[in-house]
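Engineer: Here it is: the structure, laid out below.
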């Protein structure tokens, strides 16, 4: 039995609140159960120096957690003078995931900066960030289209979403919360496109290796979960 009482293939309740920020070109407050992440997309009419005059744009991402997003207060990373390795890993993952579904030349020499700030954490912050960041990116591109800067369908090639899966209490489960994640025998994150393409798989065994059969079970849970998330994304941006 999962601590939450969910079935093995049952995700937490997922919601997207678009236009959460009145300042950002695109924004979304995404909720995966008790994990809440504010995702914003900010347009800059320039690209990094190494991309200048290259005829294409760029998507980059930053990730952070508010000090009291967790059970005990954490120090702001800015106060320590450097980002943790975990933070750097996650924000690079978010950027890679979004770039996988963007035609960078069609964006022009512009940069969109994605900021994912975890307001409340209960497991799956990176997967929620990727899934919500796609909504923010979509709305930023719609903002640009309304000003005759781009055509969304030329820039945004597909959906992208992410979900965690793991082996908990000897069962393959989807969308782990903190209690499950902290006790999981295997923990994996899957990033996939709406058309079923794999962007990234991260999997780690804790204590004992996992089998090919167990991985296949996790993969199927991820495919089904991401299909559900993409359907929710489509519903959100259609409203």
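Cβ atoms are placed via backbone N, Cα and C, with glycine included.
What Swiss-Prot records for this protein is below:
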{"type": "BINDING", "residues": "86, 124, 125, 126", "note": "phosphate binding site"}
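So where do these features actually land, and what's packed around them?
Structural biologist: Taking Cβ-Cβ distances under 8 Å and a sequence gap of 6 or more within the same chain, the neighbours of residue 126 (phosphate binding site) are 63, 90, 93, 94, 162, 189. Secondary structure from DSSP puts residue 126 (phosphate binding site) in a helix.
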Engineer: Near residue 124 (phosphate binding site), which residues of its own chain have a C-beta under 8 A away, given they sit six or more steps off in sequence?
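Structural biologist: Spatial neighbours, sequence-distant, of residue 124 (phosphate binding site): 32, 35, 163, 164, 175, 176, 177, 181.
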Engineer: Measure from the Cβ of residue 86 (phosphate binding site) and count the other Cβ atoms within 10 Å, all protein chains considered.
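Structural biologist: Cβ-Cβ neighbours of residue 86 (phosphate binding site) within 10 Å number 11.
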